[in-house]
């Protein structure tokens, strides 16, 4: 099976993503921040939208659903938590469910913390994960609805994926994430290398996504909250990893 992925900008700093099954011509949008850029990308490629895979209920991830549903009558897949206001949903999914996009298989991983309903979509064959606002390149999402231990557990689920998986996240926050990370992990050679790469990409107005999970494991301080050297930098030697993660997130919130 072969898949093609297209990345483009939506709203102020959201990413839009289309994943296309070459064999069946099925195409899914990962979230739908706004309809316009998604429609343009579909037109540019000559693809028809068959599915929208929603990761969580925030407006900047579902704002385009109604218009796209009206135009294509596509299937809308969303987290099983029905307490969140996501309209036009055809299929509710939970942890370990598998969603078919043509012949492509997306495995659902519940990754709560940013929101309680947040899920990520893992395409194992394509070695790709769409993590939306749980894991960013060199960062992670704010914890709005969950707890720090909950978010840390979600990050561990994503960290457990193989190093050669590609990470596609919800926002272009990498430059600001790098700036913060260097304040708490300044001697990390992998982070320094990523910082140089990000600076070059942004200077050329290119996206910093996708990144490789192996690189994130080495350079993303939020994935290293259980590393004693990170705890030591925060003067938290011996502290629980979730507590270290919480301190990192609090510092990032204030940065």
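Backbone N, Cα and C define each Cβ position, glycine as well.
What Swiss-Prot lists as Zn(2+) 1 binding site is 56, 58, 114, 133. According to Swiss-Prot, the feature Zn(2+) 2 binding site maps to 60, 61, 133, 171, an assignment based on sequence analysis.
A map of Swiss-Prot features onto the structure.
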residue: 56; record: Zn(2+) 1 binding site; Cβ contacts under 8 Å, 6 or more apart: 79, 84, 114, 115, 117, 118, 119, 132, 133
residue: 58; record: Zn(2+) 1 binding site; Cβ contacts under 8 Å, 6 or more apart: 115, 133
residue: 60; record: Zn(2+) 2 binding site; Cβ contacts under 8 Å, 6 or more apart: 11, 14, 33
residue: 61; record: Zn(2+) 2 binding site; Cβ contacts under 8 Å, 6 or more apart: 14, 31, 32, 33, 54, 55, 132, 133, 170
residue: 171; record: Zn(2+) 2 binding site; Cβ contacts under 8 Å, 6 or more apart: 13, 14, 15, 133, 136
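Each residue in 55, 57, 61, 115, 118, 132, 134, 141, 144, 170 lies on the same chain as 56, 58, 114, 133 and has a C-beta within 8 Å of the C-beta centroid of that Zn(2+) 1 site, without being one of the site residues. Around the Cβ of residue 114 (Zn(2+) 1 binding site), 26 further Cβ atoms fall within 10 Å across all displayed protein chains. A strand conformation is recorded for residue 171 (Zn(2+) 2 binding site) in the three-state DSSP classification. The Cβ neighbour count for residue 133 (Zn(2+) 1 binding site), using a 10 Å radius and every protein chain shown, is 26.
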